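Participant: Among the features that Swiss-Prot reports, GMP binding site is placed at Lys77, Glu144, Asp145, Ile146, Ile147, Asp148, Thr149, Gly150, Lys151, Thr152, Lys176, Asp204. The active site, proton acceptor annotation in Swiss-Prot covers Asp148 and is backed by similarity to another entry. Positions annotated as Mg(2+) binding site by Swiss-Prot: Asp204.
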Amino acid sequence: MPIPNNPGAGENAFDPVFVNDDDGYDLDSFMIPAHYKKYLTKVLVPNGVIKNRIEKLAYDIKKVYNNEEFHILCLLKGSRGFFTALLKHLSRIHNYSAVETSKPLFGEHYVRVKSYCNDQSTGTLEIVSEDLSCLKGKHVLIVEDIIDTGKTLVKFCEYLKKFEIKTVAIACLFIKRTPLWNGFKADFVGFSIPDHFVVGYSLDYNEIFRDLDHCCLVNDEGKKKYKATSL
């Protein structure tokens with residue numbers, strides 16, 4: 001697989017782990033914080049499964065980039081957990097691979113993006129970032145938590161064009177099977193999940209549930225409890 005450079009096309013991408021519509025686990029089978037439990041329906045993807053899948057994604061990414069230096073953009077705040085775990089595995093695989101190297105594999109950058117209030121897209125994208133002009137002529141991998149409608153990544157990739165980046169690829173932990181999806185595909189995907197609003201593993205509902213270890217479904221009571229007062 002060559003280094004991807006057609007954002008949204010998902011050319012030559014490996015298949016994600018498919019989570020069926022009726023898959024999931026009883027909350028009582030896992031350690032769930034008491035202050036969250038009543039607001040959740042079920043565990044969709046357990047923490048251990050998420051971690052192992054991220055390790056495999058790191059392995060796939062390393063195979064594609066080999067020893068080419070690339071820069072990783074973390075889209076905060078939802079991608080924080082995925083990003084941190086991915087970097088840990090990428091570093092270990094690179095540092096202890098059979099091929100000796102005298103340089104680090106990647107640089108890391110952080111971009112704050114926001115496009116949701118409650119469980120709905122606001123239709124606008126707020127971007128706060130460091131100076132990204134250093135990315136000119138570089139390979140860039142965008143790390144996103146979830147592709148829902150795909151609108152966020154379309155707008156963000158458009159925003160990046162002014163920096164004259166050499167290649168742009170996308171890694172996301174989850175892609176949601178929703179009729180609202182615009183067809184934007186990632187190059188590295190962890191899981192394909194049903195059309196439900198998910199929280200946990202840094203995914204939030206109005207900044208709540210980020211510290212939940214597992215990927216879970218939030219129920220209507222939870223949405224009502226933590227609903228923002230205005231869009």
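Cβ coordinates come from backbone N, Cα and C, glycine included.
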Participant: If you compare CA-to-CA distances from the residue listed as 'Mg(2+) binding site' to each of the binding-site residues Lys77, Ile147, Thr149, Lys151, Lys176, which comes out shortest?
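Facilitator: Looking at Cα distances from the residue listed as 'Mg(2+) binding site', the smallest one goes to Lys77.
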Participant: Report, in whole Å, the straight Cα-to-Cα distance of the residue listed as 'active site, proton acceptor' from Lys77 (GMP binding site).
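Facilitator: Answer for this pair: 16 Å between alpha carbons.
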Participant: Three-state secondary structure of Ile147 (GMP binding site) from DSSP?
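Facilitator: Once the DSSP labels are grouped into three classes, Ile147 (GMP binding site) ends up as strand.
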Participant: Are there any residues at least 6 positions away along the chain from Ile147 (GMP binding site) with a Cβ closer than 8 Å to its Cβ? List them or say none.
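Facilitator: Counting only residues 6 or more apart in sequence, the Cβ neighbours of Ile147 (GMP binding site) under 8 Å are Leu153, Cys172, Phe174, Ile175, Lys176, Trp181, Phe184, Lys185, Ala186.
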Participant: If you draw a 10 Å sphere on the Cβ of the residue listed as 'active site, proton acceptor', how many other Cβ atoms land inside?
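Facilitator: The answer is 23.
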Participant: Among Lys77, Glu144, Asp145, Ile146, Ile147, Asp148, Thr149, Gly150, Lys151, Thr152, Lys176, Asp204, which the record lists as binding GMP, how far apart in Å are the two most distant Cα atoms?
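Facilitator: Greatest Cα separation within the listed binding residues comes to 18 Å.
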Participant: Only counting partners 6 or more residues apart, tell me which same-chain residues put their Cβ under 8 Å from the Cβ of Asp145 (GMP binding site).
Facilitator: Leu75, Gly78, Ser79, Gly81, Phe82, Cys172, Leu173, Phe174, Ser202, Leu203
Participant: Using DSSP and three states only, what is Lys176 (GMP binding site)?
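Facilitator: DSSP call for Lys176 (GMP binding site): strand.
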